Amino acid sequence: MKPGATGESDLAEVLPQHKFDSKSLEAYLNQHLSGFGAEREATLTIAQYRAGKSNPTFYLQKGFQTYVLRKKPPGSLLPKAHQIDREFKVQKALFSIGFPVPKPILYCSDTSVIGTEFYVMEHVQGRIFRDLTIPGLSPAERSAIYVATVETLAQLHSLNIQSLQLEGYGIGAGYCKRQVSTWTKQYQAAAHQDIPAMQQLSEWLMKNLPDNDNEENLIHGDFRLDNIVFHPKECRVIAVLDWELSTIGHPLSDLAHFSLFYFWPRTVPMINQGSYSENSGIPSMEELISIYCRCRGINSILPNWNFFLALSYFKMAGIAQGVYSRYLLGNNSSEDSFLFANIVQPLAETGLQLSKRTFSTVLPQIDTTGQLFVQTRKGQEVLIKVKHFMKQHILPAEKEVTEFYVQNENSVDKWGKPLVIDKLKEMAKVEGLWNLFLPAVSGLSHVDYALIAEETGKCFFAPDVFNCQAPDTGNMEVLHLYGSEEQKKQWLEPLLQGNITSCFCMTEPDVASSDATNIECSIQRDEDSYVINGKKWWSSGAGNPKCKIAIVLGRTQNTSLSRHKQHSMILVPMNTPGVKIIRPLSVFGYTDNFHGGHFEIHFNQVRVPATNLILGEGRGFEISQGRLGPGRIHHCMRTVGLAERALQIMCERATQRIAFKKKLYAHEVVAHWIAESRIAIEKIRLLTLKAAHSMDTLGSAGAKKEIAMIKVAAPRAVSKIVDWAIQVCGGAGVSQDYPLANMYAITRVLRLADGPDEVHLSAIATMELRDQAKRLTAKI
């Protein structure tokens, strides 16, 4: 069976509530359907399709003849719903001009035959992909499937209504307004509880109708991948199914409906669907829009795109409510109809979020000529959005954020964050600029995110706005890669949502922690618990009021194992008895309030469940290697962005100030600092991008040497650049009027954080000697 092919898995026994008189149907078809009774001895078999939440659909087979029957559901129905006579009419018109639909054969309005109206069409043998990720196909085939689908949609919207003789099939102009009104009424008629988001979304849609609400095209109304039948072997559409919601209206409503999966809320499971991943060969939304517009010969700048996306989610929420309403009445064909009660609200809330977003539906024209490390298409698009967001929202707020911490330096609020940060976070979430660091969530490569990290490095609080701040990024990496399902549910999800923060407890005050095997904090098993005892310091972020969980590295005693197999990582909630925050540690006099400070923490007989252990005993160093690789790339690329900002400040000051009767830049020493800064920035950027590329192509282990090299080179170079910038700015450079003093503290401490330079240099030398030994005949 081909992946996604129709077959036995799509069929089931007829549900009790949908059973009808098969003998009556057979007698009717013998009389009215040509060829149906050709095999007199053959038995009519009937099975019901599992798919479909609205009009029950059945597979009929008599001998070698196969058909599909669609009927109205039994019982009390919502007004103007389930009009299968319209389905039959539009399919007949489309089939007559060669548009890919199943051939409609017979319509019966006599409800005495099987209890409701019904129609019969030919059975089309092909592939239906129930899972939008289309597992089992190559990325190229997957892409071809999506391209063929959107080309078919463009073909539909290019048809002439008059030539189809479908005048009067829909009311015509004013479609969007009618849709909002109709679906509001449909929802209200089916609602079983009050959901404010539905009311708010309905009101927003009615107040933001497109100015041009007079487009009149034939639209499908429920155009999505699992309503398409593809050729058994080719990536070609051979039939479009389920025309129940078709009408004359605005074509962008179909295109938006097809694009829903790009924004589907993570908390809502897509029934019969896998998880959408941008790395899977599925074209981006902008690429599909470009193909659609090219096929129709229209401009790819689509006005009111956010309206149509919001409308689609409003309709989906209304459909979900209708499915659940029919479940309560006992006349729904789906076994999982009860699930729909809980998805109405998140769908409505997603629609509200999309209503506030601004979209560019045009593919960005980015020149990648000469790029050594090429971004993905999505990476290019996200980088453009991040740059715009930084310029429009983050950098203008820098002064306000800085003043907040100056004013609250000695207050109880000093570990909190100004309100503007929360506002910026909500805006970033709405724009889809959230959790960009995690490839499995963002769909970005390490090279993609490295360039984004460079941008966020230009402002000290920018990573936090995008939920890409350390140490949470590393901790989320750990939980994503190594956490159990229970650990992910309890801690990873709220971290990804930005509802809580975390800290990482590794370094200790009583040992040389640059050699991590020295770590003495003990993690001892006691029946179904572990007991933690020890001292930690430089636990970044522990002062944040939202810090709820710590990942602690400690020794699980087993001296029979190698020294790299004696340490483990464990989750410790910050409110666990025995966890005591001792004091904040300053960095060059800065307490780093914004990032939640750096704290000394003592663990005294701290008891946590054994299920809090991550991956297993003795796996601590294994986890550390997986955690630190990406984190070091992020740190180093942010310092590149920081260096760019410092160089900008240096150049601005050098062109503004006069000393000894000439501009500062005219003094050769300053000119040389500027030149040396540019050279250094380009060198460390290339080296860091090479490390990111190695992560993408070789994995963390294959990129070890490059990562160690950037960890030495980047902080060293940038510390010097910031120092030069301070020198050019004079006394102002170390004052609160410029960010340079804070920049220097950040970059200088990076020569210690995640391992001091000397440890990395020793590791680089060892790896280099090993690599050279492979090439030399002499034994080293």
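Cβ atoms are placed via backbone N, Cα and C, with glycine included.
On a predicted model such as this, the values are computed, not experimentally measured, just so you know.
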**Message:** Of the candidates SER514, SER522, SER529, which one does Swiss-Prot list alongside GLY629, PRO630, GLY631, ARG632, GLY755 as binding substrate?
**Reply:** SER514
**Request:** To the nearest whole angstrom, state the Cα distance for the pair PRO630 (substrate binding site) and PHE504 (FAD binding site).
**Result:** 16
**Asked** Which one is it: of the recorded positions LYS391, GLN727, GLY730, whose Cα lies the shortest distance from the Cα of GLY629 (substrate binding site)?
**Response** LYS391
**Message:** Counting only residues 6+ away in sequence within the same chain, which have a CB under 8 Å from the CB of THR507 (FAD binding site)?
**Reply:** SER513, LYS536, TRP537, TRP538, SER539
**Complete:** Other C-beta atoms within 10 angstroms of the C-beta of LYS391 (N6-succinyllysine) total 12
**Asked** Nearest to GLY755 (substrate binding site) by Cα, among LYS177, TYR324, LYS391, PHE504, GLY730 (recorded positions)?
**Response** PHE504
**Fill in**
Across all protein chains shown, the one of the binding-site residues SER513, SER514, SER539, GLN727 with the most other Cβ atoms within 10 Å of its Cβ is SER539
**Request:** Please find, for SER514, GLY629, PRO630, GLY631, ARG632, GLY755 as listed binding substrate, the greatest distance between any two Cα atoms, in Å.
**Result:** 19
**Request:** Pick out which of the binding-site residues PRO630, GLY631, GLY755 has the most other Cβ atoms within 10 Å of its own Cβ.
**Result:** PRO630
